[in-house]
Amino acid sequence: MEPAAESDAEMLGAPDPDLAATMGFSGFGKKARTFDLEAMFEQTRRTAVERSRKVLEAREKEMEEQAEKEFRSPCTDSSASASSAAGAGPVLTKREETCSGSEDSSDEEFTGASRQSQASAQGPAEDTDDEDDEFIGPPLPPGFKDSDDDNDDDTEEEENNPVKKIPDSHEITLQHGTKTVSALGLDPSGARLITGGYDYDVKFWDFAGMDASLQAFRSLQPCECHQIKSLQYSSTGDVILVVSGNSQAKVLDRDGFPVMECIKGDQYIVDMTNTKGHTAMLNSGCWHPKIKEEFLTCSNDGTVRTWDVNNEKKHKSVFKPRSVQGKRVIPTTCTYSRDGKLIAAACQDGSIQIWDRNMSVHTKFHCRQAHAPGTDTSCLTFSYDGTVLASRGGDDTLKMWDIRQFKMPLKSAERLPSFFPMTDCCFSPDDKILVTGTSVKKGGGSGKLFFFYRETFEKLYEIEVTDASVVRCLWHPKLNQIMVGTGNGLAKVYYDPVKSQRGAKLCVVKTKRKERQAETLTQDYIITPHALPMFREPRQRSTRKQLEKDRLDPMKSHKPEPPVAGPGRGGRVGTHGGTLSSYIVKNIALDKTDDSNPREAILRHAKEAEENPYWVAPAYAKTQPKTVFAEVEPEDDETDKPEWKKRKI
């Protein structure tokens, strides 16, 4: 052992007595154990060398056996054997010479055995890579397919058949009301759905909070007695744009509380640019896809305006669509492009006009005869790639446009009836399918949802929704679920348990909650936590437990017997009715005397009062004078008297 190690061992074995007394272990008196580190390292090294030698011997033996097998095969595999011999060392040099003549003829011919021998002849790093690639574990049973292979097959089928991408295997129905559901909105995460209708109501549905009873958690009327035209969540999902039949759009937060209301313009100003807001009924509105504070509205005053949530006193900019003659024309719907750089509006003269968001004077693209003049184009929507615009016309058509060649539509579908000014169309999440709904008259069949293939515009599929018109449709990209608003007050959600995510799948699996009895409080309770004990009121208690006990009591929980109708039975007298008047008629004798003359009514009781005095007469029996009443003269006597003698009434 070196001197340094010895000094360390001496320090460990013989500690300083003062230090030991200070640390509190001076009484042990035992010497610390010493270790020979060099001997330990030498033993470890020998063990490692021996183990490595055994591993190398086993590997060389395995390589020799492999080379033996190769040389038993025909000499066409000489190139492979040469590579294996290079790894095997001097053991295979003689056998190399025996087959060296055939190397030139078979340079590029490899069989399965030769590839295996090449792999085995290379270094140990490559061996470990091959072992990683090999299957580990027991062999698979016959007929077993890997799940990845199944998924690949399914995706190939879906690519070949777009109908399989439509999630329509299951549906749920949300009862909004009895009138048309004219607006639908889903937040970006797909957690909440809002519906608005012709009954002025806006209802909030929370998929995660609903159970199988499918009840809305909030209902309100944000615009009083105006029909709801459009509802949409912002790009962040924290606020909601409400467009109704009045001239002022509203913004609500996620729980339905008002955030801002647009100002109303001056309807006596001719130039709509100089007014601060809309002066006529709104038709549509939507949020900017990138800027969360900006939204867009269009109105019957012939303008399209952009707004900022933080400034409700005035619009940001005004776009005024014009007809061919340069006259004012009413926009029926409006939307942003997917990147938010373009603003598109469809007008009542059948035109579609598109502006640059930063230039409000002249249109960037326009098509004058996109749809029939005089009809309300109900929807404009851009594809997810931003190059294609779809329009749903009031002339019963669905058209698809390339805004770079805006004179003629790319594709068109006809005979799609639309009776509502907000009938929707939308693209599928993969941008390959276009969806729209159709309207029907009452008793005229079922409203349908049609799916068109974008490339060829052939009808892929249709869903019979209900016996009323299909007004709104929405295909959410994250949930992969289709929401539909109908003309009879229903909001339907179509989904597929495999292809869809969350949404309706969360609420259908929850059982309905048990209805609990309303917990009533016995008395009003004032909470005074810092009052003295003598002034503190007893703790507020609910009567629910008492009601449960009363329910178990047969006397208290006895159902009262219903009133007897008709003749009496079971010892009970039959009543003539259940009203107060029938009770009075039954228990009190009817008095049909005429009390129109008060004097006659009093004198009617005079004879009885004289014969049987009870109240006043006995007290004044001795002092009461004889009553004298005036005699009533007949009216005929007064007719002979002169006018000045007649009694004046």
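Cβ atoms here come from the backbone N, Cα and C positions, even for glycine.
Not measured: the values here are computed from a predicted model.
Feature annotations, reproduced from TrEMBL:
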type: COMPBIAS; residues: 57-72; note: compositional bias 'Basic and acidic residues'
type: COMPBIAS; residues: 161-170; note: compositional bias 'Basic and acidic residues'
type: COMPBIAS; residues: 537-561; note: compositional bias 'Basic and acidic residues'
type: COMPBIAS; residues: 567-577; note: compositional bias 'Gly residues'
type: REGION; residues: 57-170; note: region 'Disordered'
type: REGION; residues: 537-578; note: region 'Disordered'
type: REGION; residues: 626-649; note: region 'Disordered'
type: REPEAT; residues: 174-206; note: repeat 'WD'
type: REPEAT; residues: 275-317; note: repeat 'WD'
type: REPEAT; residues: 336-356; note: repeat 'WD'
type: REPEAT; residues: 380-404; note: repeat 'WD'
Among 174-206, 275-317, 380-404, stretch most in contact with the repeat 'WD' (336-356) (C-beta, under 8 angstroms): 380-404
Whole-number mean of pLDDT values that fall within the repeat 'WD' (275-317): 92
For the repeat 'WD' (275-317), distant same-chain residues with Cβ under 8 A (at least six beyond the ends): 229-230, 232-236, 238-239, 241, 243-249, 251, 259-267, 269, 328-340, 343, 345, 357, 360, 421-422
DSSP-derived helix, strand and coil totals, residue by residue, for the repeat 'WD' (174-206): 0 helix, 19 strand, 14 coil
Three-state composition of the repeat 'WD' (275-317), taking helix and strand from DSSP: 0 helix, 19 strand, 24 coil
Composition by DSSP (helix, strand, coil) of residues within the compositional bias 'Basic and acidic residues' (537-561): 9 helix, 1 strand, 15 coil
